[in-house]
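Asks: Below are the features listed in TrEMBL for this protein:
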DOMAIN    109-241  domain 'Glycosyltransferase RgtA/B/C/D-like'
TRANSMEM  57-73  transmembrane segment
TRANSMEM  129-147  transmembrane segment
TRANSMEM  154-174  transmembrane segment
TRANSMEM  258-279  transmembrane segment
TRANSMEM  304-324  transmembrane segment
TRANSMEM  381-408  transmembrane segment
TRANSMEM  415-435  transmembrane segment
TRANSMEM  447-468  transmembrane segment
TRANSMEM  475-493  transmembrane segment
TRANSMEM  499-520  transmembrane segment
TRANSMEM  532-551  transmembrane segment
TRANSMEM  563-582  transmembrane segment
Amino acid sequence: MSKLNTETSTVDGRWEGGRWVLQKQTVAGSFSSENRLSDLNDDQIAFGLTMPSRLEWGIYASLVLIALAMRLYDLGGRAVHHDESLHGYFAYQMFIGGGYDHNPLMHGMFLFHSIATSFFLFGDSEFSMRLPMALFGAGLVLVPLILKPRIGQFGSLTCAILLAFSPTLLYYSRFARNDIFMAVFALALVGVMWRYIDERKNRWLYLGAGIVALGFTTKETQYIVIAVLGAYLTTQVWRELKDWIYARRSLTEFSAPASFLVLLSVLSLPLLAASVALFQNTLGITLAAEDGVPGIATGSPNGVGLNVALGISVIFLGASLGIGWYWNRRVFLGAFTVFAFVFVMIFSNFGSYPAGVGSGSWQSLGYWIAQQDVARGNQPWYYYFMLGSVYEFLPFAIASGAIVYYGLKSGFRPLINIVLITVGFILLANDNVSFKNGLVKGEERDVLTYVGYVSLMVVYASFITLPFTLKVSRFNRFLIFWIIATFIAYIHAGEKMPWLLVNLVIPVIILAGATLNDVVSSIKWREAWRNYAGFALIGVPVSYLLIWKLAFNDLASSSNQFLTTWMIFASLGFLLLGFQVVSGRIGRTQSFGIIGLVSVVILFGFTFRAGWIANYENGDVPQEMLVYTQTSPDLHDLAKEIDRTAALTGHRSAIKLTIDTRDAYQWPWQWYLRRYTEVVYSDHASDTAVVGDDRLVVVINEHNNSKSLDKLPEGFSKGRRFVHRWWFPERYRDVKPGEFFSTLIDRNRWKGSVDYFLYRKLSNPLGSIDSYVYFSDEIPLVPAK
């Protein structure tokens, strides 16, 4: 007995999940038991395969270099999208000293400062415009390291690989929008939250304050991030909140999760003042002007609403300061200082435009409240599931499989939620109560409309509470909650765009990485290889090929094909027998784990292919669903042709051009022609629009072409038609449930879906809107001297 006591007393470890765990098995450094919270005492440290630190960092370095190379390759070669041209043009104005002030239409100021800085360092070009996004996209690969104590060494590395090669993240790392910034900030904030919960070190609070500020200065989707994290933390600490409300607990006695919730609340509260605009119709004042109101910026207060908005803002700010002061004044002052410094500096253009702080605080949220009913994109509620199945099928499949597995392992606990979700969807499948764009249809408040609303709320509530019915670790429960809550938020939001998929992919990838870490850790690899587990390396791909042959080929119309069918069945039977033999030796759980890992490798190959085609072959061709109402390569090439024309004439930046602005056609021309000083932008639908005799190049909207021919001066060549913008043929809108289920059993429709999935073959032509370009005959054929 004394010997046993002596041995155990020298072991550095603790009880973990019902067994004694050696401290040396931790993946990311030591963890002090004093910092461990009694209310979060499960799965503090993730276990898995381990590798030497030098090898690990070598792999990460290689992965970052690969990710960077993929994002920098031909970065400026793609035609500039409408949104990119806006961002690039106004950042260019900042770069040359023309200035740009906050406009919530284009979200926060962080994007513009980033691009303007890139222009300052590397000159203004399509490459440098997209460079900040490419750098953030490559840097995103390293962010899972913050979560390594939770998802394990192998899990964090797997997440890094999935983030590096994700087709969606790769595409929008090469696109001048702010969504990839938000991906970095959201994942970093989640990592910081869990590190503070695990370690309770104040440095994570200060870092979190900076990340929250950067998110708010980047895009309004930060409100969704804060709402999701706040909702989860509330479910974990509601007893503490109740005790505080009833004065049984002080704010200073809050646990780490409750303290982080307080931090998120006090930092976000001043920026939530504009949410009162949701009740402006009831109050009879304008707190957030709707789109199109003459003389009032969308989302801004007006009249009496100005004073009311100011008063509300002061109240919200006072509440934030008061709560923070009583919570932990030293930490709060430090965190709030970090937050305020970042927020004020970026929105005020580093002090040159103080009014930007006000518009950033109120109009950012006010604008998007006013835009909610506009529902830009006009996409169906299943839009993101469809996009995910085309591009992010690998992490979606892993995460979905994990959730199903956890559900089955949890017995009857999730059954009520599943039943309610099923009944809710059946009711919503009725066209009279179904919802479109995330909102229940029906303008008249009849009984069916109310049935639809109730069904929708039941479905939402059942999904939101589903993670808390599963028998999983607390961290995995959070990941599932993060996924479900984020999907619900973006499904219900009015605007649905492909770039918003970036926000949905991040939590799915983290759950996928954590799941793969668990699977790899559960397999006894030496024993498995000794018992012929390597059979799966050949058996699994061959099985998939045989099933593919069976599903997509007509095998019963002749005797030879009939024989082929039976040979396929016989082969599948042989492979199944082999699986049974191996699983009998190593166990069914390990066998399924190995099959799953081989399947992941196969799907990774398809993921790489999808990313390559979307980014390097169809980057500005809307055969890809990621490519949304895109500027055509024709216009991109025409811009270069105009540059050559300017050189031929010797006029260079003073060459005289006319651009028709109908249908917002000045974009992306204002980016491409930003250096030209003699460009006339006018809507040629107007009878007053003319083309001057001195013009050398004229671009006319196709709808104005016939009308404008008479306005052209003498000496212009015959016009050349080109595609200005084009888009994906969105035939998937308003699909009825019956059509969806008939597709599942119709092999011909399968083939159409597979042809698109593999080869991007479309059964309908791309949509487009065109222009005509006219060149003057005065342009010389050789360069002017």
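Placed from the backbone N, Cα and C atoms, the Cβ positions cover glycine too.
Give me the local environment of each listed feature.
Replies: Below 8 angstroms of C-beta separation, residues 46, 48-49, 56, 59-60, 63, 66-67, 70-71, 75, 78, 130, 133-134, 136-138, 140-145, 147-148, 180, 183, 387, 391-392, 394-395, 498-499, 501-502, 505, 509-510, 512-514, 516-518, 520-521, 604, 607-608, 610-611, 614-615, 619, 626 of the same chain, each at least six residues beyond the ends of the transmembrane segment (154-174), sit close to that stretch.
Note on the transmembrane segment (304-324): residues 251, 262, 265-267, 269-270, 272-274, 276, 280, 283, 285-287, 332-333, 335-336, 361-362 of its chain, located 6 or more positions outside it, place their CB under 8 angstroms from a CB of the stretch.
Within the chain carrying the transmembrane segment (475-493), a Cβ under 8 angstroms from the stretch's Cβ atoms is held by residues 43, 150-151, 190, 194, 224, 227-228, 231-232, 235, 372, 381, 384, 399, 402-403, 406, 438-439, 460, 463-464, 466-468, 500, 503-504, 507-508, 510-511, 514, all 6 or more beyond its ends.
Counting only same-chain residues 6+ beyond the ends of the transmembrane segment (499-520), those with a CB under 8 A from a CB of the stretch are 46, 48-49, 144, 147, 150-152, 154-156, 158-159, 162-163, 166, 168-169, 172, 175, 177, 179-180, 182-183, 186-187, 190, 221, 224-225, 384, 387-388, 391-392, 394-396, 398-399, 401-402, 475-476, 479-480, 482-483, 486-487, 490, 593, 596-597, 600, 626, 628.
Packing against the transmembrane segment (563-582) from elsewhere in the chain are residues 531-533, 535-536, 539, 542-543, 546-547, 549-550, 555-556, 591, 595: each is 6 or more residues past its ends and has a CB under 8 Å from a CB in it.
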Asks: Give residue numbers and ranges for long-range contacts of the transmembrane segment (532-551): same chain, 6 or more residues beyond its ends, CB-CB under 8 A.
Replies: 565, 568, 571-572, 575, 578-579, 581-582, 585-586, 590-591, 594-595, 598-599, 602, 747, 750
Asks: In the domain 'Glycosyltransferase RgtA/B/C/D-like' (109-241), how many residues does DSSP put in helix, strand and coil?
Replies: 115 helix, 0 strand, 18 coil
Asks: Other than its close neighbours in sequence, what residues sit by the transmembrane segment (57-73), given a CB gap under 8 Å and a spacing of at least six beyond its ends?
Replies: 51, 131, 133-135, 137-139, 141-142, 145, 157, 160-161, 163-165, 170, 173-174, 615-616
Asks: By a Cβ-Cβ criterion of under 8 Å, what residues six or more beyond either terminus of the transmembrane segment (381-408) are in contact with it?
Replies: 162, 166-168, 414, 418, 435-438, 470-472, 476, 480, 483, 487, 490-491, 496, 498, 500-501, 504-505, 508-509, 511-512, 515-516, 596, 600, 603-604, 606-607, 610-611, 614, 625-626, 732, 735, 756-757
